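Engineer: Okay, so TrEMBL annotates it like this:
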DOMAIN    81-146  domain 'Anoctamin dimerisation'
DOMAIN    149-715  domain 'Anoctamin transmembrane'
TRANSMEM  157-186  transmembrane segment
TRANSMEM  237-255  transmembrane segment
TRANSMEM  301-327  transmembrane segment
TRANSMEM  347-364  transmembrane segment
TRANSMEM  390-413  transmembrane segment
TRANSMEM  523-549  transmembrane segment
TRANSMEM  573-597  transmembrane segment
């Protein structure tokens with residue numbers, strides 16, 4: 001039974017005898033044979049080579065990496081090595097075996113000598129259990145069998161699912177709080193004093209929103225928009241932003257504890273990745289010399305400049321999206337459809353969000369190629385170092401791809417557009433967008449809602465459908481050959497390996513970045529869930545439901561649609577932990593800026609406690625925000641419009657002035673004292689919010705230990721017993 005288990009399968013096209021590819025293939029297989037590998041050949045439409053490593057390789061591995069607590073065991077006793085470790089070692093040897101032409105498997109695959117290489121999905125008990133209990137939609141609310149995932153896919157995949165399960169579990173708490181805040185906002189939908197004032201402002205004439213074909217309009221026309229804005233922008237949002245900053249810290253601290261518990265149970269807490277890699281190099285080649293650590297300041301400078309250039313390109317794309325929105329508003333306001341003219345701003349925001357999603361999809365592929373190219377320039381020493389470098393670069397690029405447009409809407413929209421009579425224009429023609437009189441936060445809400453919904457519906461559907469359709473097509477292509485083979489050559493059709501190898505080959509290809517892609521997707525989602533959550537309290541809820549499906553979707557892909565991943569050993573989620581910690585700090589800064597700059601929370605508080613009737617007239621019988629809208633609008637004389645502003649007169653006939661959102665004097669349009677008062681209050685709030693939130697994060701990090709006490713005690717007891725045993729062996733020798 002064990003003799004019929006094959007560690008890896010190599011697939012090749014049937015090349016002509018004596019061709020260059022056939023010679024290269026033979027040289028590579030000969031090198032494997034010299035190392036003691038057993039090779040079995042099966043011919044179909046393709047050539048399949050099953051390879052099995054000799055037992056001595058695994059005995060060397062066990063001997064080299066015998067841990068201190070195993071030192072006293074009989075060195076001749078070799079326990080059965082797990083299938084995941086076998087596959088990992090064999091994969092390393094295959095990837096690092098060099099032919100006489102100094103070519104490795106990677107080079108041969110580039111030259112199409114081999115088409116594919118993969119470990120097999122074995123028909124074993126663990127696999128059947130995972131297929132039935134884990135890779136099923138009906139198990140969506142069930143706990144994941146992390147131990148069994150580890151036994152089949154290795155520690156790295158198991159830790160990914162352990163992290164994803166933990167994240168989703170704690171996301172449930174954030175989702176519940178976010179939903180409560182959103183529902184509380186709905187309850188004040190019509191009761192907000194600011195909304196009431198906008199809805200009752202039937203005599204407040206606003207300046208035109210564009211130069212051509214835009215009439216003066218009444219503030220009361222935007223009553224519903226104002227209600228929606230104050231449903232999102234209220235005191236509850238500020239508290240929720242603070243809560244999410246603390247939640248992000250507590251989540252990471254609790255994950256560190258969970259991870260320590262899990263890897264201690266696996267006896268990997270003190271595992272050394274570098275030692276593991278050196279051991280495998282020596283098993284593969286006894287004459288191997290380790291690559292020394294190197295650092296080139298020149299190379300680092302070049303890479304830094306290229307990274308900055310790529311970031312500049314991504315910011316340029318965000319600028320292009322801004323220009324699109326400006327032109328879209330101008331075109332929509334000149335449309336023949338009344339609905340488009342009235343909702344020009346909202347339609348520009350929504351179509352801009354869809355366009356932003358498309359740029360995210362396209363640039364994700366570009367970012368990957370650029371990040372890989374930069375990694376090749378760096379010449380990292382080991383695979384894990386290469387993976388870390390790649391992670392930092394691709395996350396940086398993806399962050400700017402996903403968030404540049406949101407950063408513009410949150411912090412620049414409506415703040416750099418000038419004022420009536422002196423608008424900032426693109427190419428001297430198109431006016432930059434303005435904020436609604438009730439604030440810009442609704443634009444940010446719409447943008448985030450559309451991007452998150454599209455990412456979590458279209459992207460997930462494609463993530464499942466593409467591998468499913470590809471698998472069905474590959475299966476269909478193989479069927480005619482199989483039927484012909486049964487008719488023609490019965491004895492070969494009986495080979496039990498043939499059917500298994502073919503069925504594994506028909507599955508979708510996986511690569512070293514398959515798991516990386518899943519991590520990246522979740523970390524970008526985590527960024528959306530925490531960084532701008534003040535503008536979109538439903539983000540954790542959407543992420544929570546997405547993740548419930550994501551876990552099972554990934555499980556089904558790995559178990560049923562894709563070839564078996566090469567297991568990787570790990571004792572943490574690697575550099576992703578540092579990325580998540582960086583996002584936690586960005587979340588504090590981002591939410592602080594959203595409340596201080598995007599939201600109208602600060603201007604309202606300044607008005608309430610400085611200029612309101614409650615303060616100036618000691619009138620306690622009225623709402624303290626009475627008169628806020630009138631206070632936040634400036635007055636503009638119509639005769640001061642630029643010559644080429646050709647707005648339709650409409651309501652302007654009834655007066656000589658229109659209003660616009662800003663704090664400017666009516667005579668020379670310079671900033672008022674109130675503007676500087678609010679500016680100082682925004683700055684003070686930002687500094688206070690960020691310092692308080694960061695202090696709370698530090699206290700939370702200190703209060704929740706990274707490693708549980710029982711894990712520390714377990715490690716302590718293990719060290720003590722090992723030293724005690726060694727002492728017993730040392731003492732008699734001295735006597």
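Keep in mind that glycine also has a Cβ here, set from the backbone N, Cα and C atoms.
Model, not experiment: these values are computed from the prediction.
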Engineer: Quick one: find which recorded stretch in 157-186, 237-255, 301-327, 347-364, 573-597 has the most Cβ pairs under 8 Å with the transmembrane segment (390-413).
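Structural biologist: Stretch with maximum Cβ contacts: 301-327.
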Engineer: Can we call the transmembrane segment (237-255) and the transmembrane segment (157-186) in contact, meaning three or more C-beta pairs below 8 angstroms at a sequence separation of 6+?
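Structural biologist: As far as Cβ distances go (cut-off 8 Å, pairs 6 or more apart), the transmembrane segment (237-255) and the transmembrane segment (157-186) touch.
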Engineer: Apart from its near flanks, which chain residues at least 6 from the ends of the transmembrane segment (301-327) lie with a Cβ under 8 angstroms of it?
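Structural biologist: Same-chain contacts beyond the ends: 348-349, 352, 355-356, 359, 363, 367, 370, 374, 377-378, 393, 396-397, 400-401, 404-405, 407-408, 426, 430-433.
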Engineer: Sequence-remote contacts (6 or more beyond its ends) of the transmembrane segment (347-364), Cβ cut-off under 8 Å?
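Structural biologist: Same-chain contacts beyond the flanks: 314, 317, 321, 324-325, 328-329, 332, 340, 397-398, 401-402, 405, 409, 433, 443, 446-447, 450-451, 454-455, 458-459.
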Engineer: Looking only at the domain 'Anoctamin dimerisation' (81-146), what is the mean pLDDT?
Structural biologist: 88
Engineer: Based on DSSP, tally up the residues of the domain 'Anoctamin dimerisation' (81-146) by helix, strand and coil.
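Structural biologist: Its residues fall into 33 helix, 3 strand, 30 coil.
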